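Below: one structure in structure tokens.
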Ligand code: DGI
């Protein structure tokens, strides 16, 4: 399987619960490596731009308010099949439907406050990584 990169966000609810380390551990234990990471307080414009594809959805306003309600931790994860692997680790969007042992089953509160974001395709990953990181901020994992 090809080595890929994907964008992951630990959302404000999970940051507030102090489970950043536990979530990062799950990525590492699954064989994904962190190629870039930062904590950031998103502005309204940042959140609206990131979720622009959902602009017309009824939940858009609540989603943006939630995403700016506290800092997030944004990382680029790298590894074989990283996009799908991360989606599997995350579980379904609605934590009530998320499989046991997934991040959302274990840490998410609701469909709004659902702990993590992960790119849903290689194309989204490329756009989302570029949204948060300059090329020079992506580190080569050489050892
Ligand atoms: O890729 P996901 O985060 O699993 O899901 P998505 O890209 O379809 O939606 C982005 C976020 O928008 C999701 O994490 C939570 C929110 N969302 C999606 N569908 C609904 C929703 N929020 C509410 N309240 N209701 C929805 O149906």
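Glycine is no exception: its Cβ is also placed from the backbone N, Cα and C atoms.
A TrEMBL annotation is a machine prediction, not a hand-curated record.
Copied straight from TrEMBL:
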- 117: active site, pros-phosphohistidine intermediate (ACT_SITE)
- 11, 59, 87, 93, 104, 114: ATP binding site (BINDING)
- 3-140: domain 'Nucleoside diphosphate kinase-like' (DOMAIN)
Check residue 87 (ATP binding site) against DSSP and tell me helix, strand or coil, would you?
helix
For a Cβ distance below 6 Å to any atom of ligand 1, name the binding-site residues from 11, 93, 104, 114 that qualify, or say none.
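Checking each Cβ against ligand 1, the ones under 6 Å are 93, 114.
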Could you say whether, by DSSP, residue 104 (ATP binding site) belongs to a helix, a strand or a coil region?
helix
Give, as a single whole number between 0 and 100, the mean pLDDT over the domain 'Nucleoside diphosphate kinase-like' (3-140).
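Looking only at the domain 'Nucleoside diphosphate kinase-like' (3-140), pLDDT averages out to 98.
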Would you mind ranking the binding-site residues 93, 114 by how many other Cβ atoms sit within 10 Å of each Cβ and giving me the lowest?
93
How many whole Å apart are the CA atoms of the residue listed as 'active site, pros-phosphohistidine intermediate' and residue 104 (ATP binding site)?
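So the Cα of residue 104 (ATP binding site) lies 10 Å away from that of the residue listed as 'active site, pros-phosphohistidine intermediate'.
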For the ATP site as recorded (11, 59, 87, 93, 104, 114), determine the largest distance between any two Cα atoms, in Å, rounded to the nearest integer.
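Largest pairwise Cα separation, rounded: 21 Å.
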Let me make sure I understand the structure: which of the binding-site residues listed (11, 87) has the fewest other Cβ atoms within 10 A of its Cβ?
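Sparsest of the binding-site residues 11, 87 by Cβ contacts within 10 Å: 87.
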Summarise the domain 'Nucleoside diphosphate kinase-like' (3-140) as counts of helix, strand and coil residues per DSSP.
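Residue counts in helix, strand and coil order: 64 helix, 28 strand, 46 coil.
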